[in-house]
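Enquirer: Sharing a structure below in structure tokens format, with a few things to ask.
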């Protein structure tokens with residue numbers, strides 16, 4: 001179904017607003033376990049929004065859910081408990097009054113965004129995600145703003161950050177790690193097919209849905225690059241690939257390096273090149289000074305070693321990550337029926 005473009009004017013300058021259908025960063029910080037209820041059975045990330053059982057999502061005359069196309073104000077929402085705090089604002093659990101649809105409402109302060117000079121980055125995030133609809137990518141349903149704030153209506157990820165779960169358990173087992181690798185490979189293949197490079201895959205930027213399914217979030221460093229070649233440095237120190245440290249041109253293969261680092265961290269509990277100083281970390285990354293504890297299974301070592309290659313062209317392609325024997329033997333990826341239909 002063709003989606004209707006959000007007609008809100010962009011609050012900065014004369015540029016027109018991007019589409020209201022996109023995915024944006026959400027860093028959800030939780031202190032208490034989630035207790036699913038009828039109101040927390042929310043939509044899957046790549047399908048039309050659905051309300052809780054016994055409740056109906058209101059649609060407009062074209063059959064498109066209102067949450068995607070309607071002009072909202074803050075008065076249209078019941079605001080619940082805070083989910084997280086960030087540099088530019090806060091995230092709250094919220095319910096749209098008309099449809100009772102549960103969302104995460106991210107409230108950004110214009111003054112802080114302007115102070116840090118990141119208006120362009122915010123707009124870029126929205127533009128990049130305008131057409132990314134995938135079961136393992138967090139979705140942005142809509143946005144609106146007033147004189148002081150910008151509000152992003154996001155998919156709610158009830159189980160919060162992957163980072164928090166990793167902190168609690170220290171390491172993940174083979175099944176959970178392989179499942180995450182398959183989910184990531186599939187989602188990134190989708191992104192790369194649309195010429196989108198994430199560039200900052202790490203546990204803090206990965207959220208978990210109701211059934212534990214992965215949701216890629218925080219596209220703050222991502223870029224839509226038709227040439228797929230850029231030279232700017234970004235990302236998290238422990239996850240930076242050699243080509244970015246060395247200031248060389250890079251492409252979508254930076255994401256292959258990142259998921260190799262992630263796989264190692266999930267199994268071991270810390271990134272592979274972590275050191276006491278930044279300079280030492282840089283040195284180890286550039287030299288690909290990779291050492292495995294005896295606890296890392298041989299199959300996982302093989303996968304990680306094929307991803308963490310200094311030469312980007314030698315890194316294992318995403319399709320082969322999904323098909324890797326260790327991933328195939330251990331992954332327990334489960335998609336909702338509607339998601340299976342859409343990615344078939």
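The backbone N, Cα and C atoms fix where each Cβ goes, and this holds for glycine too.
Model, not experiment: these values are computed from the prediction.
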Enquirer: Swiss-Prot annotation N6-acetyllysine: which of 98, 194, 215, 291 has it?
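Expert: In Swiss-Prot, 215 carries the N6-acetyllysine label; others show none in the record.
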Enquirer: Just to confirm what the record says: which one of 69, 232, 281 has phosphothreonine annotated in Swiss-Prot?
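Expert: Annotated as phosphothreonine in Swiss-Prot: 232.
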Enquirer: From the list 22, 227, 277, 313, pick out the residue that Swiss-Prot labels phosphoserine.
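Expert: Swiss-Prot records phosphoserine at 227.
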Enquirer: Which single residue out of 106, 110 does Swiss-Prot record at the ATP site shared with 83, 84, 85, 86, 87, 88, 89, 90, 91?
Expert: 106
Enquirer: Highest CB neighbour count within 10 A among the recorded positions 85, 87, 215?
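Expert: Buried the deepest by this measure is 215.
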Enquirer: Determine, to the nearest whole angstrom, how far the Cα atom of residue 85 (ATP binding site) is from the Cα atom of residue 215 (N6-acetyllysine).
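Expert: Rounded to a whole number, the Cα-Cα distance is 19 Å.
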Enquirer: Using C-alpha atoms, which one of the recorded positions 83, 87, 89, 91, 215 comes nearest to residue 200 (active site, proton acceptor)?
Expert: 215
Enquirer: Over the domain 'Protein kinase' (77-327), what does the predicted model average in pLDDT?
Expert: 90
Enquirer: Report the same-chain neighbours of residue 89 (ATP binding site): residues 6+ apart in sequence with Cβ closer than 8 Å to its Cβ, ordered by sequence.
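Expert: Residues satisfying the criterion: 106, 107, 108, 109, 112, 149.
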Enquirer: Including all protein chains displayed, how many Cβ atoms other than that of residue 200 (active site, proton acceptor) lie within 10 Å of its Cβ?
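Expert: The answer is 21 other Cβ atoms.
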